[in-house]
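Worksheet for the structure shown next.
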Amino acid sequence: MKKKELSIFDKDILKEASINSIKKLNPVELLRNPVMLSVEIGSTITTFDFFYDLATNNNHAWFSANVSLWLWLTVLFSNFAESIAESRGKARAKSLREAKSNLFAKKLKNKNDKTYEKIPASSLQKGDLFLLEKDDIIPIDGELIEGVLLVNESAVTGESAPVIRESGTDKSSVTAGTKVVSGSAVAVASVNPGETFIDKMISLVEGAKRRKTPNEIALEILIISLTIVFLVVVINFRALSYYSVYSTNKGSVVSLVVLVALFVCLAPTTIAALLPAIGIAGMDRLFKKNIIALSGRAIEAAGDANVLFLDKTGTITYGDRQAYKLIPVEGVSEEELAMVAHMASIGDTTAEGKSIYAFTKAKYNLSIDLKDYKVIEFDASTRISGVDTKNEHYRKGSSDAIEKYVSSFGGSIPKNLDKIVEEVAKEGGTPLVVAKDNRIYGVVYLKDIIKPGIKKKFRELRRAGIKTVMITGDNPLTAATIAAEAGVDDFLAQAKPEDKLRHIKKYQEEGYMVAMTGDGTNDAPALAQADVAVAMNSGTQAAKDAANIIDLDNDPSKLIEVVGIGKEILITRGAITTFSIANDISKYFVIVPAAVSKSYPELNILNILHLANPYIAILSAVIFNAIVIPMLIPLALKGVKYRPMDAQTLLVRNLSIYGIGGILFPFFGIWIVYWICEIFWRVL
């Protein structure tokens, strides 16, 4: 179960965004967006010009009125784009607030005395102890120091299946607003009121603490610089117009309204209008995937990451060893081994035991109905499990444990057993030896199954220039086998925390951007060093503090998804910027010939659309410049889909679509608007 999708066309969101877009007309609000502030100033100038034309009975008052209207709409559409992104965030924040409202805590004086004082959750401070029991709503983020809980985290993650939280493990962290399904535990508050994970999520999705990323700042500097350049051009254009008219005694001075229209159409208003929405929508897109980015820098770094450190278990493999093959010893048939392995796994509740039972039943058509038997559960000291019937003893376990067991009954060890065990281990499997009474029958090859499609995914990442490194505690032989089968570029075997840290530093020194996942306290140093650090929400507080991205689903494979979303955000920003700047070329060929047609009729050669009425031509460009903003809002919010490919191919593809398309589309759009306006004016 995932979070409820919020439609772009949700009635409540559209209503709130419309109201906020009007409120944002306040010049103080627009100081954050200098380009749109300059458009608002231009709108004010043309509005005053309209009233002046009315007062002086100027025949072109209709032109001033329409240009003013569409310039104001340009600012409103820009505000609407940002407001709709913010409103989606506020809607999500509202549901999060409901998860933490009216919470109480059972405060303890010490963990040995379970007598508690019931206080408001807001009174708990970092370091305070509190009791958690069945049906309690967890009042504050904390770490279990005693006990085990089954917790429903759907209020935060959207996942209805409860999860286990246990003290002394890497899954000891509990989150405010989640509910205890069963169990009892003592926890220590790991944060102060207002600093909980839900509080951070609320701030982030509302955009209250969203800082501009380095790429956003660089892009803002670019579009502000372009705006200043075009402003200087327009001012000089006015001076040139004066000089031309008075020196040649022909034509007329370009009006203030035309100059403002020229400035607004040439300035990069499209990207300036949509840039805030792209940033906010990026956070929202991650949130829909149950991923919380604690900073905008983390998202950008994810988009630039070119080395992924991936945990083998959970990311590349399922983590549950499953029966893959039966290998009998000399003198034993495969069917005989299957029968003994099947019997030894009856009643076994472990994942491996269930796998062997299902495998032998399906492949060898075994179905045995035992009534009088005793299950011998796995014991860490003996490393053996099995079944005892009235007359027979079936066992399975590690090779040395089974050899010892068989020898105790006076049995012998098959000559080729060691070779079979060694070959299975070399291939990355786990050899489980099977015996009946004093005889060894063979080996069950247990394999940590590689997730389907993972090799294709790694191949796509490689094509996009991203290197994958598998992290595992397995021995080098096993690690090499799994790495080859999965298709990763490199692996780190028998990895200790200090090994991870050393390898991350090594790649960073070579100029790579490194991304990794982790959930334990021992992962914290490496997470802190990585450029993109994804911590599991179930992990320890130390791991979450060191990370800059939190995965609420506790799925290590999400790292690949995080990188993909990061690239989508960067590509979206680049695509709309390219489209916006390319638009200026088309609008130049419409407005400039129209503006100087009387003074310089020779420049009509630039009027490639052959628009006869210069006033309607300029108005058409202004209208198109305004309506393209709401047309691109869905793209800004949903993003340009990322397809794994090398940087050169991606650049050529996006330049073709958004560069060439950005030049051609306005010609077509302005031409359509022109003829609609022409027909409308003829009817009037």
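Even glycines carry a Cβ here, placed using N, Cα and C.
The annotation transmembrane segment is assigned in Swiss-Prot to 61-81 (among others) on the grounds of sequence analysis. Within its own chain, the transmembrane segment (61-81) is flanked in space by residues 17-18, 20-22, 24-25, 30, 33, 36, 39-40, 42-43, 46-47, 49-50, 53-54, 257, 260-261, 264, 269, 272-274, 276-277, 615, 618-619, 622-623, 625-627, 629-630, 633, 636, which lie at least six positions past its ends and keep a Cβ under 8 Å from the stretch.
Remote same-chain partners of the transmembrane segment (217-237), defined as residues 6 or more beyond its termini with a Cβ less than 8 Å from a stretch Cβ, comprise 34-35, 38, 254, 259, 262-263, 266-268, 271-272, 275, 573, 577, 581, 595. Residues or ranges marked as transmembrane segment by Swiss-Prot: 217-237 (among others).
Taken from Swiss-Prot, the feature transmembrane segment applies to 256-276 (among others), supported by sequence analysis.
The number of other CB atoms found within 10 A of the CB of D311 (active site, 4-aspartylphosphate intermediate), across every protein chain shown, is 22. Swiss-Prot lists D311 with the feature active site, 4-aspartylphosphate intermediate, giving sequence analysis as the kind of evidence.
Other C-beta atoms found within 10 angstroms of the C-beta of K396 (ATP binding site) number 28, with every protein chain shown included. Feature annotation from Swiss-Prot assigns ATP binding site to D348, E352, F378, D379, A380, S381, T382, R383, I384, S385, K396; the stated evidence is sequence analysis.
Under the DSSP three-state reduction, D523 (Mg(2+) binding site) is assigned to helix. Remark: D523 (Mg(2+) binding site) has P497, K500, A535, G539, A543, A546 as non-local neighbours, by Cβ distance under 8 Å and separation of at least 6 in sequence. Taken from Swiss-Prot, the feature Mg(2+) binding site covers D519, D523.
Annotation comment: Swiss-Prot describes 616-636 (among others) as transmembrane segment, evidence class sequence analysis.
Under the heading transmembrane segment, Swiss-Prot lists 657-677 (among others).
Reported as a whole number, the C-alpha separation between D519 (Mg(2+) binding site) and D311 (active site, 4-aspartylphosphate intermediate) equals 11 Å.
Across the structure, D348 (ATP binding site) and D311 (active site, 4-aspartylphosphate intermediate) are spaced 28 Å apart at their Cα atoms.
DSSP assigns T382 (ATP binding site) to coil in the three-state reduction, outside any helix or strand. Rounded to a whole number, the distance between the Cα atoms of D311 (active site, 4-aspartylphosphate intermediate) and T382 (ATP binding site) is 30 Å.
Figure note: comparing Cβ neighbours within 10 Å for the binding-site residues D348, D519, the maximum is reached by D519. A distance of 29 Å separates the Cα atom of D311 (active site, 4-aspartylphosphate intermediate) from that of I384 (ATP binding site).
When Cβ neighbours within 10 Å are tallied across all protein chains shown, the highest count among the binding-site residues F378, T382, I384 belongs to I384.
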